[in-house]
Amino acid sequence: MTKSGKQQSPRKHRWLWRTIFALGVLLGLALVFNEPIKLFVVDHLSQWTMGQIDRNTVDKNEKRSATFDFKGVKALDINTVGNAALTRNLHPIGKIAITSVHLKLPILKGLSNDNLSAGAGTMKADQKMGEGNYALAGHYMTNQGILFSPLKNVQTGDTVAITNMKKVYTYKVTTKQIVNETQVQWIDDVAGKKLITLVTCASATEGEVDRIIVQGELQSVKKANQKNLKIFL
């Protein structure tokens, strides 16, 4: 009995260490591939949503109720992104393009985590394109080409175009600032001005308290047609 017990003990230890090693390898692989998978899903979701946008979709979604609670916005982890991809509970109402930084995204109504997994969300319930201060929020990701990450490279003088598939609104960037998250006055309307304000985190660091603000002034409004909608493709 004693001899048998002594023989089994090393085997148990070897099995335990092998199990721990295997779990460690699996955890390491999960950490390594988690971010690329998340970025792939977000990019796919953005492109899929862009393909769903037409006048009828915009008209329908503009009538929907939405949440505009910025405090309810979560960091984009794999669970949030996965849920958005599975449910497709998205409410696109337009498109945005900044050709200078290769940004093309859907505009969605409200700040739901599903919406922000796919594109830029509107920040105020009553805002309209071409009027007041049209404010949009989007996530900053580690990949510079995903969601609102390209805002880091926007410069004053760049052009921002948005459309509701009926008209194309073109703005010229006049201001780019890094501000504290408490400085919410940037999205307020300004008397006598027609603005667009784009907001994203200053980095992909969890708990980032600074925000990149890109603001522009309206330059032109044109009826949407096949030619001027190409900028969003």
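Here the Cβ of each residue, glycine as well, is placed from N, Cα and C on the backbone.
Fair warning: this is a prediction, and the values are worked out from it, not measured in the lab.
Long-range Cβ contacts of His139 (active site, proton donor/acceptor) within its own chain (separation 6+, distance under 8 Å): Ala75, Leu76, Leu116, Ser117, Leu147, Phe148, Ser149, Thr200, Cys201. As annotated by TrEMBL, active site, proton donor/acceptor applies to His139.
DSSP gives Cys201 (active site, acyl-thioester intermediate) a strand state. The Cβ neighbour count for Cys201 (active site, acyl-thioester intermediate), using a 10 Å radius and every protein chain shown, is 23. If you look up TrEMBL, you'll see Cys201 marked as active site, acyl-thioester intermediate.
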